[in-house]
Each structure stands twice: as structure tokens, then as C-alpha cells.
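Colleague: Here's the feature list from TrEMBL:
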- A:6-27: transmembrane segment (TRANSMEM)
- A:79-100: transmembrane segment (TRANSMEM)
- A:121-151: transmembrane segment (TRANSMEM)
- A:157-177: transmembrane segment (TRANSMEM)
- A:189-209: transmembrane segment (TRANSMEM)
- A:247-269: transmembrane segment (TRANSMEM)
- A:281-306: transmembrane segment (TRANSMEM)
- A:340-366: transmembrane segment (TRANSMEM)
- A:387-407: transmembrane segment (TRANSMEM)
- A:413-434: transmembrane segment (TRANSMEM)
- A:446-467: transmembrane segment (TRANSMEM)
Amino acid sequence: MTGNHQTLALVLFSAFIAVTLGITTWVSRDRHGSAEEFYAGGRLFSPMENGFAIAGDYMSAASFLGISGLIALFGYDGLLYSVGFLVAWLVVLFLVAELVRNCGRFTLADVVAARMSERPVRIAAGTSSVTVSVLYLVAQMVGAGSLVALLLGRTSAAAQCWTVVGVGALMVIYVSLGGMRATTWIQIVKAVLLLGGTVALTALVLVRFHGDFDRLLLTAAERSGHGNAFLAPGLKYGGDWTARFDFISLGLALVLGTAGLPHILSRFYTVPTARAARRSVVWSIGLIGGFYLMTIVLGFGAAAIVGPQAVRASNAAGNTAVPLLALDLGGGSDSTGGTVLFAVVAAVAFATILAVVAGITLASSASVAHDLYASLRRRRAEPRSEVAVARAAAVGIGVVAIALGLLARDLNVAFLVGLAFAVAASANLPVLLYSLFWRGFTTRGAVYAVYGGLVPALVLVVLSPVVSGSPESLFPGVDFQYFPLQNPGLVSIPLGFLAGWLGTVTSAEVADEAKHAETEVRSLTGAGAV
Amino acid sequence: MQFSKGRVRGGDGSGPSEGHHEARGPASADMPGDVPFDDPWYDALSSGWGEPSTVAAPVPAARQGQDDDVAAAEVYLEVQGSPAFQEVRSRYRRFVVPASVAFFLWYVAYVVAATAAPGFMARPVAGAVNVGLVAGLGQFLSTFLLTWAYARHARLRRDRAALELRWDTQELTRGARGGAA
């Protein structure tokens, strides 16, 4: 990777930063700082705009570079990820999007607290939302550091540190100055750039093989050195039964976690009605599905054109498969076409990380200010001061994420993303579904459901081989590994549901029929929705 | 039975608006599923809803309680018990429950087959394409189809009745709160 690529990539990336900062100042001109404006962008986005923004929030660099890299290295097993990431949207569409839009104002806790004793439920749901957001944020920051280093060819620790700090500082500026409105426009710009880049590369791969998908697969299988096994499951997750259960656990976390991600839930509040929320999910399913279908072509294309050996030589995890593919498709590393395509892919990857990070920071600052701060203060905060707290929280979360991002620099990005999904599925999904659909659900049940999913998920990770007991773990010197799986979802998701049920049947409190009626009527009709 | 967008924006909260009385009534619970209608929610603002001034037939009027919140709670209980709402809820559940069970089982079956039976997934179908690839693309296809079916079902079978209920309920809560004040 010569200096030309890096210069051009830096120029394109600076242009993206300039454009997004311009958007931030443009949309935040003469805006009064109401909570409605800061958390929900005034609730006036159209379904199409919000659909692109949701897609922008969801298609992280881990998907763009990670999944196609996994396909390039392991063939079929990489495809399993993209299936899980997409099918998860049916849970969101059927059970969550419209009902949450109708019942809540800004956060997940709004939906639950409407039926329950407000303070304990808000604190519980706020805590788990912030935990999920921070885990996801750290994953993106770690990804930013290592990707920038890889793409710019500077692998020194100092360069990685400065990248993490720079990304963190930019995201704090976007969020605290522009709020939801600026964040949404950044997501839309990023989604268009990412989809445009992916469509162009996919078209070039298909042209290279004259539109013959069959030959693309055969060439990929042949170059991989695994033959037909490359096109079937088992190369990555086919080992012993621990590895297989680990994969099932990951699959469950992926499909159930999306509906509990705070930054996805908060997107539904940016449209005026539940119907608009549904239409935005339909848009985003179309965009995300198309995107994952194209990453499959890109992954097999990278295996067929670049070859897994070259990909692995550049980055053992396969994260550079798509940039290398772009270089080759453009005509090789010495040609103008190759240089331009490589720089475009690198700039799109930067843009992706920045936008996703901004979306998560906004959602977690909303949880801190709207749920935790408002409950822990004795009197409910004034809306204006709540926004000031949210802006300060964005700065605080930025600092925490930068610090954790620097500490966790050597952790695997895909693992961190899987962990964030597992915690979201264990702590946020059970309480959300119970309060929307279970008549007898009580305050104690809600609190149990949150902590009963959150605590086991985190404890099982600490006891897993990721943290100790094996040469690749975080602390290889000590051994307190008692749980065999890397992803806790298979155990902690059922525990979250079980704890919610247990808390409800053991509580002396009788569920408030009228509050349940209110939640049910509001969720299905939109009466009283803001 | 056409809703006008003007009604959504134009209502001032006091006067009766045109086209309203024809649009309500017991028939709203079982309107035919294939009637095309203007989308009354689209580009309607989150605030400034036109408030109907008359009480709806399918939802009984709320008793005026001493306490505002008690009265409003009564309204929600009565709306919940009304046939119109029961119909909307059962239409929602009749679609969502079987569809959720179906896609979840199909996904779990896919993941379990990929981990437990890789040999079966490797069986060739046509050319380089094997059972696993067909199943994976099938997951994409079933997701797109279910999305389309859900959006269509909600648009045709639920949206209009839900919107009627929304206006009725909001009017009743306002009446209940206002009556007690």
C-alpha cells in the first residue's frame, strides 16, 4: 500500500468530516435545545430518511469489512453472520417498532416505566442500556483504531491511540452540538456512501465473472484450497461441540439482540407515527438485506480474485479483504483505478465507523440524562436542563469510550459486537416484550428481568475463555475459566426471561389492570402518543 | 369511507369536521380488508391532531370520575374492552404470533443444521450451489416476503381501525380529564 492510496484516502476522509461538520452546524442553526429536538430530531423525519438512517446505524464497519473478510477466509461460515443480522429485523418489525413508537418518548425505559413504579424500573433499564451502548461503542472504537492503522499502513501504537482519540472527539462534537437531527443526517449520508461503494464493487466483481455466479463460487472454492468444503458450513465453527454450541449461542444473540439495541430503538422516535416507524423498518430491511447480499458476492469475490492467502497475509482476521479486492478490481496497486477505488473503500470505512459511533453515543447519553439522571434526582429534571445533562453525558461517554477503546485495543472486534448483542438480548429484550405483552407483569418482574439477564451475561463473559485460561485470552496468566462458551447468549437470554417470570410470580404486588390496558391500547392504536 | 388529509391537519379541536360521522360507527370494526384508502397517517404531524368533537359509537362514553387520572384509566379499560379494539388486537396477534413462531423456528433450524449437519448442507443442488446456499438465500427471501406480508396486512387490516380508535380514545381521555377539572 503506497503513499498514493493513503493521501487520497485521507483527502476523501477529510472531505467527509468537513461535510458532516457542515451538516452539524447547518441543522443546529436557530434550534432551541428542547428534549424533543435533541433526542428525537423533532420527530419529523420521513420513513425513507429514517430507513436510510437505521440502515446507516446498523451497517457497521464490522459488517462491511468483517463479514466479507470472514467469507473470504472461511467461505460459507461467514454467511451465517449476515443471515442472523438480517433475520433479526423481523423481531423488530413484528414485535417492537410500532409498539415502542406508540408507547415511549425517547428511550426503552419510557415503555417499561409507563406501567410500573417508575424509579427502580428506569434505573434498571437505563443501566442496561448504557452497558450495551458502551460495549458496542468500545467494539467500534477498537475497530476504528485497528482499521485506520491497517488502511493507512501505520501500525504503530501511537497512530492507533491518536485515531481512537480523534474518532472519539469528533463523535462528541457531532452529538453534543447537533443532537439527533445532525446524527440522523450523518447516518443518511453514510448509508448512501456505503451502499454506493458496495454496489460499485459488486458490479465490478460480477462483470469480472461475466455475471456467472456459479463460476465465481467455483473459482473461490478452488483458490481457497478447501475445494467444495469452502462452500459448506464447518470451516470455522465445525470443530468440537463447544465450538458448535458457541455458534448457536452467537446465532441466538444476533437474532434477538437487535431489538434490544438502544440506538436502534431510539431511531423509531424520530418519525411522527407508528405507521411511519413501520415503513422505515421496511425501508431498512430492504437496504440492509440488499447490502448483506452484496457482501456475500464481495466475500466470495475476494476469495476468488485476491485469494485467502493474500488476504490472510495482510490481516489475519480478514478485515482487509474488501480494500484488497478494490485495489485489484481497479487494475492493481500501480494503476490510477486501483488507487482511487482503494481510497474510496478506506474513506467509506472511516465514515461508517464515525457515523455508527455517533448514533450509539447519542442513544446512551439519552439513557444517562433521561433515565438515570432524571430518576436519581429527587425532583424530575426540567426538559431544558435534561438536555444540558445529555450534552455533558455525551462528552463523558466519549471519554469513557476512548479510555476503554485504548485499553481493549487487542480484543477481537467481532467478539465485542457479539457480546453487545448478547447483553442486549438478555437484559433489554425480555423486559420489553413482557411489558408490551404480559398482562400480569409487575415492577419486581421488570427489575428482575433486567438484572437477571444483565448480570449473568456479564459474569459468564468474565468466566469464559475470552478473559482467562487460554493463551489468546485477556489475562493468559491466570485461570478462572468455568464457562466453556465465548458468547453467553445461549444461557443468559433464557435466564433473563426466566428471571422476569420469577420476579413477577413471587411479587406481592398485583399488576395494575388499568396501566396494562393503557399500555395495550396506546401501543396498538397510538392514542396519546407524542 | 375516505379519510381526508385535510381533516387530520385542519381540525381545531372544537368544531366537528366533515367526513367524520360517516367514517365511524360499528362498521369500523369489520371493514373489508381490500378497500384502498388514502393514507391518513403519512405526513401527519405528531402534534396538532384534529380532535373529533363527538363521542364514538363503538366505545362507550367514560364515566366522569372525581380524579382526572382515575377517569382516564377508566377510559383505557373501556376502550380495551370494546369490540373494536379487541378486533384490532386479534388481527395483530393472528398475524404476528404464527409468523414470529415460523420465522424463529426456521432460523433456529437453519443454524442448528449448519452446525450439526454440515454434510447435509454440503449436498450439491445445481452446479456449485448446495443445500446450504439455497437455505441461506432462502432465509433472505423469507425475510423479504414476511416483511412485505406484514406491511400489507397492517396497512389493509389494521391501520384504519387503529386510527379511529386513536381519535376516539384521545377524545374520551380529554373528555374525562376535562370533565373532572
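Even glycines carry a Cβ here, placed using N, Cα and C.
Mind mapping these onto the model and telling me what they sit next to?
Modeller: Residues of the same chain lying 6 or more positions beyond the ends of the transmembrane segment (A:157-177) and with a Cβ under 8 Å from any Cβ of it are 17, 20-21, 24-25, 28, 141-142, 144-146, 148-149, 183, 186, 353-354, 357-358, 361-362, 365, 391-392, 394-395, 398-399, 401-402, 405-406, 409.
Same-chain residues lying 6 or more positions outside the transmembrane segment (A:189-209) and placing a CB less than 8 Å from one of its CB atoms are 16, 19-20, 23, 52-53, 55-56, 59, 64, 215-216, 219, 287, 290-291, 294-295, 297-298, 301, 304-305, 322, 325-326, 329, 341, 344-345, 348, 351-352, 354-355.
Same-chain neighbours of the transmembrane segment (A:247-269): 39-40, 43, 50, 53-54, 57-58, 80-81, 84-85, 87-89, 91-92, 95-97, 100-101, 104-108, 129, 132-133, 136, 180, 184, 237, 277, 280, 359-360, 362-364, 366-367, 418, 420-425, 427-429, 432, 485, 487-491, 493, counting only residues six or more beyond its ends whose CB sits under 8 Å from a CB of the stretch.
Long-range neighbours of the transmembrane segment (A:281-306) within the same chain, counting only residues 6 or more positions beyond its ends whose Cβ lies under 8 Å from a Cβ of the stretch, are 47-48, 50-52, 54-55, 58-59, 63-64, 67-73, 75, 78-79, 82-83, 85-86, 89, 92-93, 97, 191, 194-195, 198-199, 201-202, 205-206, 208-209, 213, 216-217, 219-220, 223-224, 230, 321-322, 324-325, 328-329.
Residues 1, 5, 8-9, 11-13, 15-17, 20, 39, 56-57, 59-61, 64-65, 106-107, 129-130, 133-134, 136-137, 140-141, 143-144, 147-148, 151-152, 167-168, 170-172, 174-175, 179-180, 183, 186-187, 189-190, 193-194, 197, 200-201, 262-263, 265-267, 322-323, 326-327, 329-330, 333, 390-391, 393-394, 397-398, 401 of the same chain lie 6 or more positions beyond the ends of the transmembrane segment (A:340-366) yet place their CB under 8 Å from a CB of it.
Away from its own ends, the transmembrane segment (A:387-407) comes close to residues 33-35, 38-39, 130, 133-134, 137-138, 141-142, 144-145, 161, 164-165, 168-169, 171-172, 175-176, 357, 361-362, 364-366, 368-370, 373, 381 of its chain (Cβ-Cβ under 8 Å, at least six residues beyond either end).
Beyond the transmembrane segment (A:413-434), the same-chain residues lying 6 or more positions past its ends with a Cβ under 8 Å from any Cβ of the stretch are 60, 62, 66, 70, 95-96, 100, 108, 111-112, 124-125, 128-129, 131-132, 135-136, 138-139, 142-143, 146, 249-250, 252-254, 256-262, 317, 319, 441, 445-446, 449-451, 453-454, 456-458, 461, 466, 486-489, 492-493, 495-497, 499-500, 504.
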